[in-house]
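As given in Swiss-Prot:
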BINDING   A1, V2, M3, G4, N22, R23, S24, V63, K64, A65, N91  NADP(+) binding site
BINDING   N91, S117, G118, G119, H175, N176, Y180, K249, R276, R434, H440  substrate binding site
ACT_SITE  K172  active site, proton acceptor
ACT_SITE  E179  active site, proton donor
Amino acid sequence: AVMGRNLALNIESRGYTVSVFNRSREKTEEVIAENPGKKLVPHYTVKEFVESLETPRRILLMVKAGAGTDSAIDSLKPYLDKGDIIIDGGNTFFQDTIRRNRELSADGFNFIGTGVSGGEEGALKGPSIMPGGQKEAYELVAPILEQIAARAEDGEPCVAYIGADGAGHYVKMVHNGIEYGDMQLIAEAYALLKGGLALSNEELATTFTEWNQGELSSYLIDITKDIFTKKDEEGKYLVDVILDEAANKGTGKWTSQSSLDLGEPLSLITESVFARYISSLKDQRVAASKVLTGPQAQPASDKAEFIEKVRRALYLGKIVSYAQGFSQLRAASNEYSWDLNYGEIAKIFRAGCIIRAQFLQKITDAYEENAGIANLLLAPYFKQIADEYQQALRDVVAYAVQNGIPVPTFSAAIAYYDSYRSAVLPANLIQAQRDYFGAHTYKRT
């Protein structure tokens, strides 16, 4: 409800009159009461709401993904005319969007599945918007979407037509998967700085403030520096009293499931999903900590050197995560005939969304130099960073393993990097085993 309200207020602030409807009369009345003088027109029946709109109607749905979206669409259909446009701005599974697009197209309606990133504040002030559906329908809503979207530093709106049917929601799903990876990498950096150097919260905030001035400059690093020094009403550091169980809404899982369907090695992001799952086993972990032995973390010898190694490992890990994510976008584009523009996608992530970061421009640059590049690690800038930073990543992972600090995404990053650069892998033995017990046959070199 908050996302819908904030998007309505965002649209209204651009000079539009906005019809609003919620199943709950009270919620509709509440929005109107809280926003006196705004050009928000309340409606209390679906019929009245639909009939208030000029044709072709442009209806933005912000409902919980799943059955709720289908029932909302079903309630609208009796009152729609051919050519009307429904925009689904929820966190919808892309296969559902493909299905709804097909069904609504058959009835003569347009359906635009749209990823919206930036949270409640982004919805109000300017989100990153990822629309997919009929191109001609997108053209009819593009002026509004461009006005309400976030603006990058160069003034460009963070919205672009992504592709047919489920393309927009797919890109939003991968965005969320990358977000999982970014957050877990940062959490592991935090664990290393606490475990290896016993940094205080103030020192952590100072370190992250410095990191945010350079290559790692991003929304997530920026908010993390603030989180470290936030105190509760008792004067305790808030982060230190928050239970170490990370919840999830399932979008990271969807990204990993899709990687398995496509045969894409999305190892880092998938490890970040698993890390949340193992965090939720709190009671088991507490019990296991009293039974299972392991090394006690020994302090790192050189403080400044260790901090720099962790910074480099974090940046290279981030690059590997995005390389995997964009490789999966390419596989999905081929599978679903979307013709995705990867440089354009990186561009619309530059502002408004949770993964906004300075280095996204480097991704756009890489695709502008070579649109057909198979993997971002092969682009000159990212190859150079890998050359320079891989030793730090290796050292940090080795330190973590020796000292019993779990770093699943850092470990996944170096394993993927080494696998990807290996001309020969031991998979020949696996294939021989498969042929031995199942006559699966094999190819000769």
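Note: Cβ is positioned from N, Cα and C throughout, glycine not excepted.
Sequence features annotated in Swiss-Prot and their locations in the structure.
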{"residue": "A1", "record": "NADP(+) binding site", "DSSP (3 states)": "coil"}
{"residue": "N22", "record": "NADP(+) binding site", "DSSP (3 states)": "coil"}
{"residue": "K64", "record": "NADP(+) binding site", "DSSP (3 states)": "coil"}
{"residue": "N91", "record": "NADP(+) binding site", "DSSP (3 states)": "coil"}
{"residue": "G118", "record": "substrate binding site", "DSSP (3 states)": "coil"}
{"residue": "K172", "record": "active site, proton acceptor", "DSSP (3 states)": "helix"}
{"residue": "E179", "record": "active site, proton donor", "DSSP (3 states)": "helix"}
{"residue": "R276", "record": "substrate binding site", "DSSP (3 states)": "helix"}
Y180 (substrate binding site) has how many other Cβ neighbours within 10 Å of its own Cβ? 27
Checking your reading of the structure: which of the recorded positions K172, E179, H440 lie inside a 10 Å Cα sphere centred on N91 (NADP(+) binding site)? K172
Can you tell which of K172, H440 has the most other C-beta atoms within 10 Å, given these are the recorded positions? K172
Identify which of the binding-site residues A1, M3 has its Cβ surrounded by the largest number of other Cβ atoms within 10 Å, counting every protein chain shown. M3
Which one is it: of the binding-site residues A1, N22, S24, K64, whose Cα lies the shortest distance from the Cα of R276 (substrate binding site)? K64
Record-listed NADP(+) binders A1, V2, M3, G4, N22, R23, S24, V63, K64, A65, N91 have a maximum CA to CA distance, in Å, of 21
In Å, rounded, how far does the Cα of A1 (NADP(+) binding site) sit from the Cα of G118 (substrate binding site)? 15
